[in-house]
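Read through the structure below, which is laid out as structure tokens, and then see the notes.
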Amino acid sequence: MEADNTTETDWLNITYITMEAAIGLCAVVGNMLVIWVVKLNPTLRTTTVYFIVSLALADIAVGVLVIPLAIAVSLQVKMHFYACLFMSCVLLIFTHASIMSLLAIAVHRYLRVKLTVRYRTVTTQRRIWLFLGLCWLVSFLVGLTPMFGWNRKATLASSQNSSTLLCHFRSVVSLDYMVFFSFITWILVPLVVMCIIYLDIFYIIRNKLSQNLTGFRETRAFYGREFKTAKSLFLVLFLFALCWLPLSIINFVSYFDVKIPDVAMCLGILLSHANSMMNPIVYACKIKKFKETYFLILRAVRLCQTSDSLDSNMEQTTE
């Protein structure tokens with residue numbers, strides 16, 4: 001019976017690690033493509049794209065840092081308490097960087113439709129950089145809070161003398177912190193605020209489009225574009241909520257000493273990380289300029305491959 005449990009655990013770990021690696025690769029490639037698209041297409045270099053790039057950087061960090069660390073933590077390697085805690089905090093930083101970038105995007109789109117006349121004077125480039133810097137600062141402070149004392153060090157000290165342990169997220173991070181501070185304060189509340197902002201955006205746009213704007217074709221076109229952009233960005237927000245809420249609910253339920261199956265926990269973690277590879281797909285499907293530039297890049301890559309193939313064939317023929 002014990003051997004069966006060990007085999008089952010091994011298969012779960014192998015499946016989890018394989019899927020994490022695939023998600024990480026897709027997240028890095030997809031979001032690097034987003035940044036490449038912005039670099040190649042000057043028409044995409046709008047103020048909103050600064051925030052989209054910030055979100056892409058957070059998602060790249062998930063693929064490069066968070067997923068490898070999550071795999072290391074899942075293997076329960078023996079290490080010092082604070083080394084394990086720091087690794088766990090890094091996982092949290094980029095979660096909050098994503099949510100703060102989404103909040104920044106929502107606020108920016110709201111200002112765009114609400115302050116149409118004063119928009120350019122209010123949203124200067126300097127203010128946008130300051131806002132982005134504030135978002136990342138908050139993300140680091142919230143994510144690193146357990147390092148300043150809100151952790152399970154005292155609980156573990158009373159039950160074991162050694163400062164080393166088998167590293168596991170829940171062994172070092174307090175569920176009080178996860179549920180009340182990380183989830184409710186810095187994930188759930190921003191999600192509710194963003195939903196209210198987007199509802200107001202759609203309400204403003206609908207009112208403007210329903211008004212008799214005959215002779216104001218440019219104004220109608222502006223609000224039509226804003227409506228399409230808002231729908232696309234709201235889909236990004238919806239996917240974030242869909243991917244992160246299951247894991248947050250699992251943590252919330254665990255707070256009341258309910259036993260969660262390992263499979264459910266792994267699925268929750270995988271789903272949360274999978275969100276990092278979804279945004280490039282949304283941009284490709286929903287934002288025309290992104291889609292067009294994606295196709296240009298793919299065409300250029302195919303032409304390069306064809307050219308390389310022709311060169312190698314020519315060399316073989318010459319020989």
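Including glycine, each Cβ sits where the backbone N, Cα and C put it.
Among the features that Swiss-Prot reports, disulfide bond is placed at Cys84-Cys167. Counting only same-chain residues at least 6 apart in sequence, those with a Cβ under 8 Å from the Cβ of Cys167 (disulfide bond) are Ala72, Val73, Gln76, Val77, Lys78, Met79, Ala83, Cys84, Met87.
As annotated by Swiss-Prot, N-linked glycosylation site applies to Asn5 (among others), with the evidence given as sequence analysis.
As annotated by Swiss-Prot, N-linked glycosylation site applies to Asn13 (among others), with the evidence given as sequence analysis. In the three-state DSSP assignment, the secondary structure recorded for Asn13 (N-linked glycosylation site) is helix.
Per Swiss-Prot, the feature N-linked glycosylation site maps to Asn161 (among others); the stated evidence is sequence analysis.
Every protein chain shown contributes to the tally, and the Cβ of Cys304 (S-palmitoyl cysteine) ends up with 10 other Cβ atoms within 10 Å. What Swiss-Prot records for Cys304 is S-palmitoyl cysteine.
Annotation source Swiss-Prot lists topological domain 'Extracellular' at 1-15 (among others), citing similarity to another entry.
According to Swiss-Prot, the feature topological domain 'Cytoplasmic' maps to 39-49 (among others), an assignment based on similarity to another entry. The list of residues near the topological domain 'Cytoplasmic' (39-49) in space but at least 6 beyond its ends in sequence, with Cβ under 8 angstroms from a Cβ of it, reads 105, 108-109, 112, 123, 125, 128, 229, 289-290, 292-293, 296-297.
Sequence annotations record features per position, and here Swiss-Prot assigns topological domain 'Extracellular' to 74-85 (among others) based on similarity to another entry. Under 8 Å from some Cβ of the topological domain 'Extracellular' (74-85) lie the Cβ atoms of residues 13, 16-17, 146-147, 151, 153, 156, 163-168, 171-173, all in the same chain and six or more residues away from its ends.
Here the topological domain 'Cytoplasmic' (108-127) returns a mean pLDDT of 89 for the predicted model. The topological domain 'Cytoplasmic' annotation in Swiss-Prot covers 108-127 (among others), and the record cites similarity to another entry as its basis.
Residues of the same chain lying 6 or more positions beyond the ends of the topological domain 'Extracellular' (150-178) and with a Cβ under 8 Å from any Cβ of it are 72-74, 76-81, 83-85, 87-89, 91-92, 251, 254-255. According to Swiss-Prot, the feature topological domain 'Extracellular' maps to 150-178 (among others).
The list of residues near the topological domain 'Cytoplasmic' (200-232) in space but at least 6 beyond its ends in sequence, with Cβ under 8 angstroms from a Cβ of it, reads 48, 109-110, 112-114, 116, 282-283, 286-287. Per Swiss-Prot, the feature topological domain 'Cytoplasmic' maps to 200-232 (among others).
Per Swiss-Prot, the feature topological domain 'Extracellular' maps to 257-262 (among others); the stated evidence is similarity to another entry.
Per Swiss-Prot, topological domain 'Cytoplasmic' is recorded for 286-319 (among others).
The transmembrane segment annotation in Swiss-Prot covers 16-38 (among others), and the record cites similarity to another entry as its basis.
Annotation source Swiss-Prot lists transmembrane segment at 50-73 (among others).
For 86-107 (among others), the entry in Swiss-Prot reads transmembrane segment, with the evidence type similarity to another entry.
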When counting Cβ pairs under 8 Å to the transmembrane segment (50-73), the leader among 16-38, 179-199, 233-256, 263-285: 16-38
Long-range neighbours of the transmembrane segment (16-38), counting only residues six or more past its ends (CB under 8 A): 44-45, 49, 52-53, 56-57, 59-60, 62-64, 67-68, 70-71, 74, 266, 269-270, 273-274, 276-277, 279-281, 283, 290, 293-294, 297
Spatial neighbours of the transmembrane segment (263-285) far in sequence, C-beta under 8 Å, 6+ residues away: 12, 15-16, 19-20, 23-24, 26-27, 30-31, 33-34, 37, 52, 55-56, 58-59, 62-63, 66-67, 70, 95, 98, 232, 235-236, 239-240, 243-244, 246-247, 250, 291, 294
Cβ atoms near Asn13 (N-linked glycosylation site) (within 10 Å, other residues, all chains): 16
